[in-house]
Structures are given as structure tokens and as C-alpha cells.
Amino acid sequence: AYSWDNRVKYVVRYMYDIDDDGFLDKNDFECLAVRNTLIEGRGEFSAADYANNQKIMRNLWNEIAELADFNKDGEVTVDEFKMAVQKHCQGKKYSEFPGAFKVFIANQFKAIDVNGDGKVGLDEYRLDCITRSAFAEVKEIDDAYDKLTTEDDRKAGGLTLERYQDLYAQFISNPNESCSACFLFGPLKVVQ
């Protein structure tokens, strides 16, 4: 479940492919604009925030399509996305990623940081994990958090944005199946 191939499939399936049709397209990013607006507003819908999120997500889709829609059919398949990650991210640090990836990572952090304190603590990590997978025991999630975080992270109250960015970069660019970043999104399942 922690192979690089599965991790990239996981990102496509659970982070971007919001409409669950097996590929990325403009509709996924329109849906992400609504989702992000509601998450940021904690259920309240702000037309101004939505307009801003729509602009961000449209720009993000356009950039991802430019980087990954190799056959220019308006859809980015899992294989195309993997090729784009290999070309633009593999072996690179977060600071070297294309803007589209950076924007998405920052937005993902904002969505997980439910209380807005600038850190992702264990409680927020748990909430994020249960949105994508089913767990019979919370210990599975807590064990993954312990593998992900360092003592310094835990003393600080959780993952800062900078630390999250670094871990996300490792998650999609580091082929090592035992790196701590493999647990960024909790215990992973094999993506079919």
C-alpha cells in the first residue's frame, strides 16, 4: 500500500477525483471550489470566498492540465498524472514543485487545519483520515500519526504548514516505502 505507485494513485483518487469518475477533469476542480469554501467556512457558504476558490481551482486545473494532460483530451488519467509527478516532482523538494502542486498542497493543509491554529494535530489528522477510509479502531490512525510525526512535531502541537509541505513532497516524490511521509494521509489501502 505504501509503494510510490499506490501513493500517487491515492492522491488522484482521494484528493483530486472528487466526482469519482476515475480521471481528473475541470468538473473535479469546480467541485473542489465548493468543497473548500464549505470547509473553510465550517459549513457556512460565502459567495466571495467561493468566487476566490473558484478562481484558484480553475487556475489549478488549467495548470495541472498543462502539466499532465499529455493527449489534450480534457482529462488527466492516473497514468498521465503519474508521468507528470515523475517529470516535475520526483526527487525534488517542495520549493522546486510547479505552482499547481504548491497551491493544492497549501489548500489541503487549510482544509485539514480545522481549528485554524496553523498546525495539524492528532484530532485533525484523525478527522482527515476518516474522510477517505474506514477504520475499525482509532489505534490504526494514531499509530500512523506516531509514524508520521517526530517528537518535535508532537511537542509543537502538530504539523506546521512548512512541515506538511515537506511531508507531502516526500509522499509523492520519494520512492522509499518506509519513509515517514508515507503516513501523511493515514494508514493507506491499495488503490485499484
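Glycine is no exception: its Cβ is also placed from the backbone N, Cα and C atoms.
The Ca(2+) 1 site recorded in Swiss-Prot comprises Asp17, Asp19, Asp21 together with one of Asp5, Asp28, namely Asp28. For Asp21 (Ca(2+) 1 binding site), the nearest of the recorded positions by C-alpha distance turns out to be Asp73; the candidates were Ala1, Asp73, Asp113, Asn115, Asp117. Across the domain 'EF-hand 2' (56-91), the prediction's mean pLDDT works out to 94. For Glu80 (Ca(2+) 2 binding site), the nearest neighbour among the binding-site residues Asp19, Asp113, Asp117, Lys119, Glu124, judged by Cα separation, is Asp19. Nearest in space to Asp17 (Ca(2+) 1 binding site), taking C-alpha to C-alpha distance over the recorded positions Ala1, Asp73, Asp113, Asn115, Lys119, is Asp73. Comparing Lys119 (Ca(2+) 3 binding site) with Asp28 (Ca(2+) 1 binding site), their Cα atoms are 27 Å apart once rounded.
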